[in-house]
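As written in Swiss-Prot, here are the features:
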{"type": "ACT_SITE", "residues": "H362", "note": "active site, proton acceptor"}
{"type": "BINDING", "residues": "8-11, K22, Q72, 77-78, G139, E154, N227, R332, K350, Y365, N376", "note": "UDP-N-acetyl-alpha-D-glucosamine binding site"}
{"type": "BINDING", "residues": "D102, N227", "note": "Mg(2+) binding site"}
{"type": "BINDING", "residues": "N385, Y386, A422, R439", "note": "acetyl-CoA binding site"}
{"type": "REGION", "residues": "1-229", "note": "region 'Pyrophosphorylase'"}
{"type": "REGION", "residues": "230-250", "note": "region 'Linker'"}
{"type": "REGION", "residues": "251-450", "note": "region 'N-acetyltransferase'"}
Amino acid sequence: MRRHAIILAAGKGTRMKSKKYKVLHEVAGKPMVEHVLESVKGSGVDQVVTIVGHGAESVKGHLGERSLYSFQEEQLGTAHAVQMAKSHLEDKEGTTIVVCGDTPLITKETLETLIAHHEDANAQATVLSASIQQPYGYGRIVRNASGRLERIVEEKDATQAEKDINEISSGIFAFNNKTLFEKLTQVKNDNAQGEYYLPDVLSLILNDGGIVEVYRTNDVEEIMGVNDRVMLSQAEKAMQRRTNHYHMLNGVTIIDPDSTYIGPDVTIGSDTVIEPGVRINGRTEIGEDVVIGQYSEINNSTIENGACIQQSVVNDASVGANTKVGPFAQLRPGAQLGADVKVGNFVEIKKADLKDGAKVSHLSYIGDAVIGERTNIGCGTITVNYDGENKFKTIVGKDSFVGCNVNLVAPVTIGDDVLVAAGSTITDDVPNDSLAVARARQTTKEGYRK
């Protein structure tokens with residue numbers, strides 16, 4: 001059976017009090033609507049139509065060709081929004097799910113189960129519901145004496161008795177597609193809001209003797225919509241908790257989950273330890289037996305087995321097996337560290353390749369460079385890679401020793417097994433097996449201060 005989805009993403013989001021389009025506010029580093037799209041796609045849907053309005057081009061820019069789009073010029077209610085997908089879906093057979101673009105916590109598993117329940121019951125419509133302690137603001141599920149759905153009533157149209165009901169509509173539905181578009185034309189706006197409500201489609205189906213099901217989820221967090229910054233922070237916290245829980249169940253030690261942020265696209269191997277205050281974002285891959293020290297930040301990087309990152313920042317970089325970074329080091333984009341490398345305190349590496357066993361232990365800047373195997377870079381060494389207009393490369397061979405407080409003025413190549421004396425400013429290439437000294441000779445005048 002063909003399956004389709006409509007994502008409702010046309011609302012203004014005035015309560016966000018933001019210049020940014022509502023569904024583009026981020027949870028766990030991704031726009032809310034992107035989380036929804038990924039869950040919808042993961043549930044086995046063949047075609048997605050996103051209903052856009054305010055900020056349409058921004059939404060299209062984020063989702064790209066993963067969705068079709070329909071424009072809702074006036075926001076006249078959820079049924080009106082769904083009807084905007086008519087040109088794409090009206091003639092389609094199969095099941096269509098309708099999901100709100102501001103529900104970033106909905107999972108593909110719940111959508112899969114909703115669809116399965118709907119199709120197994122041969123229903124014309126199914127609503128995803130939940131029971132919550134504070135149902136204010138949600139449509140209520142009104143059941144008849146036999147426990148079947150009688151109608152869904154919106155908060156502003158509900159009687160006090162209906163407001164006391166704690167089973168609510170999530171705003172997520174599954175429909176027989178043909179039935180959906182047939183009934184949408186019959187929906188009226190004679191309600192307190194003067195809007196065309198999508199739940200009225202269910203009442204129309206019931207009035208015709210059709211089958212309408214309710215599937216109740218036990219995970220209330222999943223259906224939480226985000227309408228303001230407070231709810232945005234709650235969704236962020238819930239996503240953080242879910243992600244950390246997943247990693248811990250898969251063998252990762254997270255010492256303080258409440259202070260640890262791990263993005264949804266991060267992968268972490270078993271027996272890795274994440275200390276408090278850590279942030280790991282983007283498409284980061286972390287191996288096994290790694291230690292990520294407290295207050296480290298890692299973005300879009302690869303950390304191989306056995307590495308240790310101590311209170312450092314790693315951006316768009318790779319760290320080899322058993323390599324130690326920090327404390328207080330910064331790996332900038334293009335930093336590539338081999339195995340058993342040491343990058344110590346207050347060292348900055350940018351667009352540089354440090355081969356296996358290389359050491360840069362303290363207070364250095366290494367940029368646009370290649371450092372050979374087992375080479376030691378002394379404290380305070382700087383690659384002078386920029387002349388104000390262009391960047392130049394520094395190459396240091398294997399098994400070399402560069403003393404403290406050395407300036408390597410690029411472009412320059414230092415060979416293998418070279419010793420560069422402390423305090424030197426190297427401007428010329430140095431061949432293999434050489435000693436390079438480039439500093440003024442010391443002059444001492446005894447008794448000068450008497």
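Each Cβ is built from the backbone N, Cα and C atoms, and glycine gets one as well.
Feature map: annotations from Swiss-Prot on the structure.
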residue : record                                        : Cβ neighbours (10 Å)
L8      : UDP-N-acetyl-alpha-D-glucosamine binding site : 27
A10     : UDP-N-acetyl-alpha-D-glucosamine binding site : 27
G77     : UDP-N-acetyl-alpha-D-glucosamine binding site : 20
D102    : Mg(2+) binding site                           : 27
G139    : UDP-N-acetyl-alpha-D-glucosamine binding site : 26
K350    : UDP-N-acetyl-alpha-D-glucosamine binding site : 20
N385    : acetyl-CoA binding site                       : 23
Y386    : acetyl-CoA binding site                       : 12
A422    : acetyl-CoA binding site                       : 15
R439    : acetyl-CoA binding site                       : 12
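Counting other Cβ atoms within 10 Å of each Cβ, the recorded positions K22, H362 show the lowest value at H362. Long-range Cβ neighbours of N227 (UDP-N-acetyl-alpha-D-glucosamine binding site) (same chain, at least 6 residues apart, Cβ-Cβ under 8 Å): G13, R15, M16, D102.
With respect to their backbone Cα atoms, R439 (acetyl-CoA binding site) and A10 (UDP-N-acetyl-alpha-D-glucosamine binding site) stand 68 Å from each other. Note: the Cα of A10 (UDP-N-acetyl-alpha-D-glucosamine binding site) and the Cα of Y386 (acetyl-CoA binding site) are spaced 48 Å from each other. When secondary structure is read from DSSP and collapsed to three states, L8 (UDP-N-acetyl-alpha-D-glucosamine binding site) falls in the strand class.
Our reading of the acetyl-CoA binding annotation (N385, Y386, A422, R439) yields a largest Cα to Cα distance of 22 angstrom. When the binding-site residues K22, Y386, A422 are ranked by how far their Cα is from the Cα of the residue listed as 'active site, proton acceptor', A422 comes first.
Taking CA atoms as the reference points, G139 (UDP-N-acetyl-alpha-D-glucosamine binding site) and Y386 (acetyl-CoA binding site) are 63 Å apart.
Across the region 'Linker' (230-250), the DSSP tally of helix, strand and coil residues reads 20 helix, 0 strand, 1 coil.
According to DSSP, Y386 (acetyl-CoA binding site) sits within a strand segment. K22 (UDP-N-acetyl-alpha-D-glucosamine binding site) sits 58 Å from A422 (acetyl-CoA binding site), taking the Cα positions as reference. Of all Cβ atoms in the shown protein chains, 18 besides its own fall within 10 Å of the Cβ of N376 (UDP-N-acetyl-alpha-D-glucosamine binding site).
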